[in-house]
Amino acid sequence: MTTLSTLNNFKKNGTKFTCLTCYDAMFARMMDNAEIDSILIGDSLGMVVQGHSSTVPVTVADMAYHTANVARSNQHALIIADLPFMSYSTLEDAINNSRTLMQAGAHVVKLEGGAALCNIVSTLAKAGTPSCVHLGLTPQSVNVFGGYKVQGRAEDAAALLLQDAKAVAEAGAALLVLECVPAALAKAVTEAVAIPVIGIGAGADTDGQVLVMHDMLGLRHGRVPRFVHDFLTDDNNRERSIEGAFRLYQEQVRAGEFPRAEHQFD
Ligand SMILES: Nc1nc(=O)c2c([nH]1)NC[C@@H]1CN(c3ccc(C(=O)N[C@@H](CCC(=O)O)C(=O)O)cc3)CN21
Ligand SMILES: CC(C)C(=O)C(=O)O
Ligand SMILES: [Mg+2]
């Protein structure tokens, strides 16, 4: 079984680890067989499962339902569940909604934001709930950003992100997710904090990698982000099994073969 201490050891030893989003039992079982290190019940389910155009409509009840479905069918992975949009705006909401997700089967809850989360992060840690703080492109703030764009490119924005990372780690965050930030910034953050850092569109130097499951199976309509790779279909256009795609992802991340330069932002 993968625990937070497993991931901490991975970081210490330089062993790269995997995370995939997962929303249901059948895929959770296949990820178990493929020994995917960690699973994220992402609020991206609002887009890939529910058909919304952002993650904003997702509720705590939705997240708890999918977390329970996944947790029942996977023994190997560390299970991380997203706290959805505005479900942790007050300390009281953060506590109550984290309880719901932890009792649904999560091992860690994930929140989007920076240093402003420090009080919530430390309160949860004291209450027995480890947290993962998501920095960079935080999709719940799409209406603030005005789109899904690379973050932390300007010098001041990069410095602020590094400060946020250090502050939440200091407050007791167990993990970080860095989404769509320049690879050099992700490397600096990963070296600056003792906790494991999971990247998506953040280059090869983070401790772990995460992708939305549907994306890495080539299931995406419209524009495909730069960081996505289809692990189901090979160069000769032949498809492997879904479990085979999960295994290939696990192998390539462990071996440092994914992500490549073409998947990262400068
Ligand atoms: N299927 C899916 N995959 C995801 O990775 C994902 C979701 N849904 N939903 C929630 C968020 C939204 N995400 C996104 C969506 C689009 C881009 C995108 O188009 N990125 C551009 C960068 C544009 C720029 O240069 O600023 C790219 O080229 O990759 C990135 C992340 C990541 N998350
Ligand atoms: C893209 C990942 C990191 C996420 O937060 C999600 O799938 O909701
Ligand atoms: Mg999310």
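Glycine is treated like the rest: Cβ placed from N, Cα and C.
Residues Asp43, Ser44, Lys110 are given by TrEMBL as 3-methyl-2-oxobutanoate binders; from Asp24, Asp62, Asp82, Asp156, that same site also lists Asp82.
Around Asp82 (Mg(2+) binding site), the same-chain residues at least 6 positions away in sequence with a Cβ under 8 Å from its Cβ are Leu40, Ile41, Gly42, Asp43, Thr55, Val58, Met63, Val109, Lys110. Shown in sequence order, Thr21, Thr55, Pro139, Val212 are the residues of the chain, 6+ apart in sequence, with a C-beta less than 8 angstroms from the C-beta of Ser44 (3-methyl-2-oxobutanoate binding site).
Ranked by Cβ neighbours within 10 A across all protein chains shown, the recorded positions Asp43, Glu112, Glu179 are led by Asp43. DSSP assigns Asp43 (Mg(2+) binding site) to coil in the three-state reduction, outside any helix or strand. Within the set of recorded positions Asp43, Asp82, Lys110, Glu112, Glu179, Asp43, Asp82 have a CB atom less than 6 Å from some atom of ligand 3.
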